[in-house]
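So the structure is just underneath, and the comments pick up after that.
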C-alpha cells in the first residue's frame, strides 16, 4: 500500500506552501483569482488526503507512507514523515476543512485578501506537518510555524476592539508551553545520546528507549504543559475564549477544529507512548483536570453573552471529554477520544461557521441582539440546530459516538468519574438549547433581524458536507474506528505493559512518588 | 422478519420528503405524504403481526441484525431489532394511533403556516418511536429514546415565537436529560457486567448468573428506572409534561399521552427479567408509580386548563402502569398502556376539537353547554371519560382493574388502597371536565360563541374510531372468562422468565377465587361511580358548590392550584442556584484568579523589562563598575563558604 510512486505526504504538506508561493505572484487587484488558487491548493490537499485515506491499511499497526531523508545528519535531525491510525483521521479532518474554510471566507474577508490566504495556506502546511512529522525537530518546527499565521489571523483580521490583546495572549500562552517542550525534546535527545550513543531526534528511536521513571515524570510535565495549554485543559484555558472571540470566522474554525486537537494528539502520540509510567502516575491528576474542565467549561457557557465565547467555553468542556478518555487507558476511552477529536472538529467547526455567517449579516455576536431568527433565516436555523444537536451528543449524530465510548471506558475504570463526566451531557443540553432558544426562537425584535438574508447556495454547499460527515460518523462509525484501532491499541499496549509489570498503583499519593523517585535513583 | 426496518423507514422517508421539499408541496401533498407514510408503516406492522401469529408462541421472536454500529475492542453493538409479541403490541399502537392522529392533524393544523414542518417532525417522531420499541439492544433503544425526546422538544416548541412554548420545549429536553443520565450509567454498568447490550443475551446471562436481590442487577434496574422516570414523567421529574401542553394538541395526544411518555413503562416491561431479579427495584417502581398516580390526580382536581387536566391525568395514569409493572403484573401494565393510548389520545383529540371550535380557548371556566353544538366531540369525549374512569365495559375498566387487583393479590394492601383512591379522583376530575365543558350553562364568550362549529370530517373520523377502540379495546383481556385473557396469552412468552422468578417460592399468582375477584371489581366500579356522582353533584346539580368548598379549604386549594409549588421550588433551588454559581465562578475564578495570573505574568515581564532597560545605559564606566562589584561579590561568596 505504501508504494505510491511519489512522496504523497510531502506533496500533501507542501502543496499549500506552493499555493502560497504562487499567490505571491498573482495580481493584487484580482482577489477572485487568489481565492481560486487557494481553493485549488486546498482541494489538491484534500485529494491527496483521500488517496492516503483510501490506501491506508487498517490491519497494520505501524507507520505507513513513510518518507525519510537525512536533513542535518551531523545532529541526527532527519526529515521523517509518516501516517498511522492516530494521525490519519486528524489529517483527513484538516484536509477536509481546508476547502471549506476557503469557501467560508470568500465574502467575509475583503481587506488584504492575498495576505489572508497566504496565512491560511501556511497554517494548513503547519497543521498537516504537525500531524505527520515523526522527527521531533521537524515536529517542533511545524508546531511553531503554525503559530505565526494563526496569531496574524487574529492580529490583522480580528475584531478591532481587543484583537491585539487576544493575539498576544494566544501567542505568549502557547510559546510559554512550547519552551518547556523544546527543553523536553533536548533532554530526550541527550539522554539517548548518553545511554545508547545514537544522536537522533527520530520518534521511532525515542520509542525504543526505556526511560527511568524519574526522568519520565519531568518529561511528561514538560511535554504536558505545552499540550495542556493547547488543548486547552482547565486551568490553562483562558486564552481560548479571547482568541476565538477576536479571530475572524475562519480563524475560529481552524482554531477549534484543528489547532486544539494538536494538544490532545500530542498527549496521545508523545506522552502516552513515550512516558507510559509517568502517564499512569499522572492519570488521576489528568482525570481530575479533565472532569473539572468538562463541568467548569459547561458552567461558564451558562453565563456567556457572546455566541463565540459560549462556543469557545463549550470547547473546553468537550475537550475535557477527550482528555478524560485518553487517561482511562481503556481501548474504548482512547478510541472514543480520537473520534471525539474529529467530532468536535466537525460540530464546533460548523457552529463557528454558522456564527460567522450570522456575524457577516448582523455585525454582532451578542446573544441579546438576536431572537426569533428562525423566521427570517430558516435554513441557517436548521443547520445551526443540527450542529447543536451533534454538539450535545444526540445519538445518530457524531458527537454521541465519542462521548459514549469515552464514558463507557471511563465507567470501567471508575464509575464515579463517568457519573461526573455525564453531568456534562446534561449541562450541554442546557446551555446549548438555551442559546438556540435565545437566538432563534421567540419574536423577531428588530428590523435588522427581520431583514436578515438566508443562506446563499455557496454557504449551503460548504455546510452540507460537514453535516453529511456528522450523520455518517453517527450512523456508521465503525469504518472510522477500525482505521485507528491497531495504532491506538499499540499505544495502549505500551501503557498497559508497564501497568502490569511495574504494578503502578493509580492512587496518587506523595508516598508513592517519593518511594518510586528514590527507587529509581539507585 | 428482516423487513421490520421498513416500519420506521416509511415515516423516515416522509420526514425527508416533507423536511426537504415540504415548502414546495401543496398542503394536500404534504398531508398525503405524511399520512401515507404512517399508513404504510401500519400496514407493514399488520403484515408482520399476521406472520407472527402464524408461528407457535415459543417461536414468536425475530432478531434481525442489520450491521455493526459501533465496535471497539471487546465492545460491539449492532443495529439490530427485536420483534416479539411485546414489540408487536407497541408497534401496532404507535403506527395505528399514530396514523389516526396524523389524519386528525391534517384538519387541526390546516391553517398553520408551518404545516410541512409540523408533519416532518411528526413523521420523524414516529420513526424514532418505532426504533425505540423495535430496538434489539439497549443502545438502539437509547437512539429511539433520544430521538423521541428531540421530536418532543421540537414539537412542544413548534410555535417557537411564543416564549412559553420554547421554554417548555427546552424544559422537557433538559429534564429528560437528567433521566438519561441514569439511563447512560445503566448502559455502562450493563455492558461491564454482561459484556453485551443485546436484550436477549443480557436476560439469558442474568438468569444464569444472578440471584434475586443481587446488588449489580438492583443498581442497573434502579438506574434504568431513573431514565424511565424522566421519560414517563414520574415523581420527581414529571414537571416537564404539564408544560409540554404548549405544543399543538395532536402532538399532546400522540407524544405526551399515547406513545412517547409510555416508553419508560415499555422499557421496564422489556427488562422484566432484570426487574424480577431486583425486588428492591420492583418495590421502588411500584411505590413511585403509585405515589405519582395519586399525587398527579390531586393536582388534576382543580386545574382549569382543559389540556393541563389531561396532562396531570396522563402523569397519573402512567403511575398506574408503573404500579402494575412494579407489582409484577407486566401484562396489566402493558394492557393499560394500550387502552390508555386509545382513550387518552381520544381525550386530547376531543379537547383539541373543543379548542379548535372555540378559536383557541383552553380555560374550562369559559366553556360549558357545548354538547349540542359539538355532538360528535361530546359523545366520543364521554366514551373516553367513561373508559378512563373505569366503567364497565369500557377499555379502561379492564386494564385498570387488573392492575388494582394484581396489586392487592401480591400483597400490596397500602398501595391498593391508595390506587383505589386515585381511581375515585380520576373519575371525579374527568367528569368535572366533561360537565364543565359540555353541560350546564354556556360561559363561552359571545364573540366566539357563534363561530362554534363541529370538527371537520378529517378530525371527526379519528375521534369516532378511537371512541370505538376505547369501548372495545379492553375486550382482549377479560377476566373471569374462559379464554378471556387473549392479550395475556399473546404476551406470555415475553414475561415467562420474569413471572417464573416472581412466583418462585412465593404464593404469587395464587388464584384468588372468582368470587373475590368479582367483589373487588364491583368495588372499583362503585368507587368510580362515586367519583362521577360527586362531580355531578358539584358541577351540574349545584354549580356554586365548588367555589364554596374552595373558599372553605382555601389553603389546600391554593396548594393544589399551584401544583404544590414544585415548579417554583425547582426553579429557585436548582436553576437559579446553578446560574448564580456559574456567574460567581466566572467572575472570581475565570476572571479574578486565572486571568489575573496570566495578565499579571505578562505585565510583570513588561514592567521588569521597562525597569531593567535602565541598566543598559551604554556607558562603559557603569559596566566596568558592575563587573567589579560582581567580582567582589563572588570572592566574598567564595570566602564565606
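Backbone N, Cα and C define each Cβ position, glycine as well.
Whatever TrEMBL says is automated annotation, not expert-curated.
Because the structure is a prediction, the values reported are computed rather than measured.
Pulled from TrEMBL, these are the features on record:
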type	residues	note
TRANSMEM	B:6-23	transmembrane segment
TRANSMEM	B:30-53	transmembrane segment
DOMAIN	B:69-119	domain 'NADH-Ubiquinone oxidoreductase (complex I) chain 5 N-terminal'
TRANSMEM	B:86-106	transmembrane segment
DOMAIN	B:135-426	domain 'NADH:quinone oxidoreductase/Mrp antiporter transmembrane'
TRANSMEM	B:142-160	transmembrane segment
TRANSMEM	B:172-195	transmembrane segment
TRANSMEM	B:215-241	transmembrane segment
TRANSMEM	B:253-278	transmembrane segment
TRANSMEM	B:284-302	transmembrane segment
TRANSMEM	B:309-335	transmembrane segment
TRANSMEM	B:341-358	transmembrane segment
TRANSMEM	B:456-476	transmembrane segment
TRANSMEM	B:519-539	transmembrane segment
Annotated stretches the transmembrane segment (B:86-106) and the transmembrane segment (B:30-53) touching (3 or more Cβ pairs under 8 Å) | yes
Per the definition of 3+ C-beta pairs under 8 A with sequence separation of 6 or more, do the transmembrane segment (B:215-241) and the transmembrane segment (B:456-476) touch?
-> no
Sequence gap of 6 or more, Cβ distance under 8 Å, 3 or more pairs: do the transmembrane segment (B:341-358) and the transmembrane segment (B:253-278) meet that?
-> yes
When the domain 'NADH-Ubiquinone oxidoreductase (complex I) chain 5 N-terminal' (B:69-119) is classified with DSSP, how many of its residues are helical, how many are strand and how many are coil?
-> 29 helix, 12 strand, 10 coil
For the transmembrane segment (B:172-195), sequence-distant contacts whose Cβ falls under 8 Å of one of its Cβ atoms, 6 or more beyond its ends | 74-75, 138-139, 142, 145-146, 149-150, 152-153, 156, 201-202, 205-206, 216, 219-231, 237, 239-241, 243-244
Distal contacts, the transmembrane segment (B:253-278) - CB-CB under 8 A, six or more residues away | 86, 90, 93-94, 97-98, 101, 104, 122, 125, 129, 132-133, 141, 144-145, 148-149, 151-152, 155, 199, 202-203, 206-207, 210-214, 217-218, 220-222, 224-225, 227-234, 241, 244-245, 247, 285, 310-311, 314, 318, 321-322, 325, 328, 330, 333-334, 337, 340-342, 344-345, 347-349, 352, 494-495, 497-499, 501-502
What mean pLDDT score does the domain 'NADH-Ubiquinone oxidoreductase (complex I) chain 5 N-terminal' (B:69-119) have in the model?
-> 93
